[in-house]
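Chemist: According to Swiss-Prot, the feature GTP binding site maps to 13-19, 41-43, ARG301, 327-329, 405-407, an assignment based on sequence analysis. Annotation comment: Swiss-Prot describes ASP14, GLU15, GLY16, LYS17, ASN39, ALA40, GLY41, HIS42, THR126, ARG140, GLN220, THR235, ARG299 as IMP binding site, evidence class sequence analysis. Here Swiss-Prot flags ASP14, GLY41 as Mg(2+) binding site. Feature annotation from Swiss-Prot assigns active site, proton acceptor to ASP14; the stated evidence is sequence analysis. Marked as active site, proton donor by Swiss-Prot on the basis of sequence analysis: HIS42. According to Swiss-Prot, the feature substrate binding site maps to VAL295, SER296, THR297, GLY298, ARG299, LYS300, ARG301, an assignment based on sequence analysis.
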Amino acid sequence: MSKADIIVGIQWGDEGKGKVVDKLCENYDFVCRSAGGHNAGHTIWVNGVRYALHLMPSGVLHPRCINIIGNGVVVSPEVLIAEMAQFENLKGRLYISDRAHLNLKHHSLIDIAKEKLKGKNAIGTTGKGIGPSYADKINRTGHRVGELLEPQRLCEALIKDFEANKTFFEMLEIEIPSAEELLADLKRFNEILTPYITDTTRMLWKALDEDKRVLLEGAQGSMLDIDHGTYPYVTSSSTISAGALTGLGLNPKEAGNIIGIVKAYATRVGNGAFPTEDKGEDGEKIAQIGKEIGVSTGRKRRCGWFDAVAVRYTARLNGLDALSLMKLDVLDGFEKIKICRAYEYKGMEIDYIPSDLENVQPIYEEMDGWDKVFGIKDYDLLPENAKKYIARLEELAGVKVKYISTSPERDDTIIL
């Protein structure tokens with residue numbers, strides 16, 4: 001019996017998980033998404049061609065991989081169908097859990113309307129309806145992908161839901177679709193998606209029993225976890241390794257190696273605490289060189305220095321076996337590079353994450369920069385200062401680096 005390896009982001013998302021998964025996919029039979037929705041975005045570069053994936057696992061770019069969208073994901077049929085249209089021959093290579101919850105048009109309308117009402121206190125969501133979809137799931141009023149197999153019945157259930165919540169929709173100025181419009185959409189979803197809908201948990205159990213190689217692909221980052229992130233500025237699902245198992249129906253004994261994906265600096269989209277944010281020239285330089293624009297939202301990411309306190313925290317949360325250090329090349333040409341080794345909090349120096357992270361100040365140490373690592377594929381060819389930087393990050397995080405990315409391209413990766 002084999003075990004499922006897990007790839008997990010350990011900052012605020014956008015760490016480069018897609019590139020790592022894409023690089024590793026050739027060694028796996030199954031690649032699986034476990035949580036989130038189309039608020040997540042993976043960018044993968046292959047031979048100069050850019051692929052942006054939001055719902056589909058990154059294994060879709062490898063013909064031998066079977067790709068699974070698990071029960072913990074909230075699925076927008078509209079978005080998924082559009083994404084599927086980019087690829088050929090998906091039959092037998094893509095499966096969607098019949099237990100995954102649906103993310104429908106009204107969810108995004110609710111999301112946008114509620115954010116608008118909050119004004120300056122808005123969370124800074126993607127507006128994709130992810131929170132409202134998970135809210136329906138927790139309230140036990142949601143609908144699941146398996147219900148698409150009976151579109152007439154699902155349509156009737158949704159119309160009843162809309163009528164029961166008519167006052168709520170009117171307050172948010174959201175127009176309720178007609179039964180005819182809704183049924184037409186559901187029938188279209190049914191026609192296209194039915195061949196892909198199945199019990200993916202049983203499929204994975206069988207795969208592990210048959211010693212197949214399985215990779216679980218995390219979405220977003222551990223600092224956005226609903227329980228362990230910077231609440232309330234978090235996502236609506238569990239983004240840590242334990243959540244990856246839950247979101248696919250696997251048990252803790254079925255977890256294999258856990259690899260944490262981390263940028264050589266730090267970024268964050270939206271509002272919320274971000275201790276190492278640099279609002280000056282260095283932060284702007286990182287943003288420009290790193291092309292730090294959100295894949296799903298098009299929003300500019302906030303940029304700053306490596307936060308070793310946060311990474312050490314998320315390394316423990318996830319039980320990491322190794323790190324994959326991404327976008328090291330973005331720091332090429334910096335004379336000095338900062339690392340946050342601790343925080344100042346209420347007059348004390350601390351090395352942990354308090355629940356009110358917005359009240360800390362970073363304590364930095366500086367290291368000498370380097371000229372260029374871009375495109376290097378051999379560790380021995382890295383500049384000495386880059387090697388020292390990597391060694392210091394390992395020391396502060398308490399986890400060894402196994403992979404180093406030196407450009408957006410798939411093959412520009414050092415494996416240690």
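Just so you know, glycine gets a Cβ as well, placed from its N, Cα and C.
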Chemist: Which residues, sitting 6 or more apart from ARG299 (IMP binding site) on the same chain, put a CB under 8 Å from its CB?
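Modeler: In sequence order, the residues whose Cβ lies under 8 Å from that of ARG299 (IMP binding site) (at least 6 apart) are VAL269, GLY270, ILE293.
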Chemist: How many other Cβ atoms sit within 10 Å of the Cβ of GLY16 (GTP binding site)?
Modeler: 22
Chemist: Whole number in angstrom, please: the longest C-alpha to C-alpha distance across ASP14, GLU15, GLY16, LYS17, ASN39, ALA40, GLY41, HIS42, THR126, ARG140, GLN220, THR235, ARG299 for IMP.
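Modeler: Maximum Cα-Cα distance: 34 Å.
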Chemist: To which of the binding-site residues GLY41, GLY298 does the lowest count of other Cβ atoms within 10 Å belong?
Modeler: GLY298
Chemist: For GLN220 (IMP binding site) and LEU328 (GTP binding site), what Cα-Cα distance in Å is obtained after rounding to a whole number?
Modeler: 20
Chemist: How many Å lie between the Cα of THR43 (GTP binding site) and the Cα of ASP14 (IMP binding site)?
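Modeler: Between the Cα atoms of THR43 (GTP binding site) and ASP14 (IMP binding site), the distance comes to 9 Å.
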Chemist: Based on DSSP, name the secondary structure state of ASP14 (IMP binding site): helix, strand or coil.
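Modeler: Note: ASP14 (IMP binding site) is coil by DSSP, not helix or strand.
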Chemist: Filter the binding-site residues LYS300, ARG301, LEU328 down to those whose C-alpha lies within 10 angstroms of the C-alpha of ASP14 (IMP binding site); answer none if the list is empty.
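Modeler: Final answer, ordered: ARG301.
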Chemist: Write down the Cα-Cα distance for GLY13 (GTP binding site) and ASN39 (IMP binding site), rounded and given in Å.
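Modeler: That comes out at 11 Å between the alpha carbons.
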Chemist: If you compare CA-to-CA distances from GLY16 (GTP binding site) to each of the recorded positions HIS42, THR126, GLY298, LYS300, ARG301, which comes out shortest?
Modeler: HIS42
Chemist: Return only the integer: C-alpha distance in Å from GLY13 (GTP binding site) to the residue listed as 'active site, proton donor'.
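Modeler: With the alpha carbons as reference points, the distance is 10 Å.
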Chemist: Nearest of the recorded positions to LYS19 (GTP binding site) by CA-CA distance, picking from GLY41, HIS42, LYS300, ARG301?
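Modeler: It is HIS42, whose Cα lies nearest.
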